[in-house]
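Summarising the annotation, Swiss-Prot assigns ATP binding site to Gly34, Pro35, Ser36, Gly37, Ser38, Gly39, Lys40, Thr41 and lists sequence analysis as the type of evidence. Here Swiss-Prot flags 2-236 as domain 'ABC transporter'. Here Swiss-Prot flags 297-362 as domain 'Mop', drawing on sequence analysis.
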Amino acid sequence: MASPIEVRLHMTYPDFTVRTDLTLPGSGITALFGPSGSGKTTCLRCIAGLEKAGQGFIRVHDEVWQDTEKGVFLAPHKRAIGYVFQEASLFPHLSVRANLEFGMKRIPRQQRNIQLPQATELLGIDHLLERSPDKLSGGERQRVGIARALLTSPRLMLLDEPLAALDARRKSEILPYLERLHRELDIPMLYVSHAQDEVARLADHLVLLEAGNVLASGPIRETLARLDLPLAMGGDAGVVIEGTVSAYDRNYQLLSVTLPDSTLCMRVAHAEMQIGTLLRVKVQARDVSLNLQPDDQSSILNRLPVTVMEEALADNSAHVLVKLDAGGTPLLARITRYSSDQLNLHRGQSLWAQIKAVAVLA
């Protein structure tokens, strides 16, 4: 198992203070999520060494990058990072190939873990190598920027809202490439975003920031299901589930997806996928209703036995959020307070969740 990433920061500005005490996974994608001004980019810049925390301790893969108490501060160029900004900032007078080669120059050949052909193939930019940056779309420029960061052979990738400047179509073009990097490269990523759909699709671990403070840090499926956090109170409240494709009905074009560590299964309308494939889906709280008995005379495909774990008032007093356990997988249901009283909901109660819609993320 990869060594964890430790980030302890205390920075004071005239009208803003950042305090973090984080131990993050040394693999996978960790999302730093929160509204504008919550401290996401400040944390990333401190990790990169572009800002120096007044008090700080940063350790990545057992290498200390900053320790204020011991006077340690590793210069940015000595930190093995690949930094991706909102804008790719390519050199306009160089071709795509020359831009990529520029990123490799400071890395000795014997230390290059990623070669040019591998990076261009991973990002799907082989056909762009001889073009100049002004001939690229926004999505293509950003893919080149990501490839350039990879070619520095980083031990850690830092992505600061890399899709924020792109429209929905360009975002949808890049997301599969980020997922591929996640699958095929053993490089941890810290991904800054305020877009919940991106985070739900990409992240394994979620750090929720607000006004410079860490509200929560944990696996995404657990953090999204916490009723004490603002995420559960919004209209997009829901959970992320990573199940396994266990069957496919060609006649009705329905995948059967087995929930993690469970025999429970959901059916999802989707094109055929190989049995055993991991599939990430999102179930919105507003798409889950509750019933005391299984309703077999319904158009709703997914009916799961669940247990009530806890309940909280939603963002208005007419609704409640109910946290449910479906064979070890957390679910959320948003129902009226009246319905909660009619069902006499209480902790430990067994009932049935009816899931009206399941969104395939990846």
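Just so you know, the numbers here start at 1 and follow the chain as drawn.
Yeah, the Cβs are placed from backbone N, Cα and C, and that goes for glycine too.
Taking the features listed in Swiss-Prot, we show where each one sits on the structure.
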| residue | record | Cβ within 10 Å |
| --- | --- | --- |
| Gly34 | ATP binding site | 22 |
| Pro35 | ATP binding site | 11 |
| Ser36 | ATP binding site | 8 |
| Gly37 | ATP binding site | 14 |
| Ser38 | ATP binding site | 23 |
| Gly39 | ATP binding site | 23 |
| Lys40 | ATP binding site | 25 |
| Thr41 | ATP binding site | 19 |
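Taking the mean position of the Cβ atoms of Gly34, Pro35, Ser36, Gly37, Ser38, Gly39, Lys40, Thr41 as the ATP site, the remaining same-chain residues with a Cβ inside 8 Å of that point are His194, Leu209, Glu210. Computed over the domain 'ABC transporter' (2-236), the whole-number mean pLDDT of the model equals 93. In the three-state DSSP reading, Thr41 (ATP binding site) counts as helix. Helix, strand and coil counts under DSSP for the domain 'Mop' (297-362) come to 7 helix, 36 strand, 23 coil.
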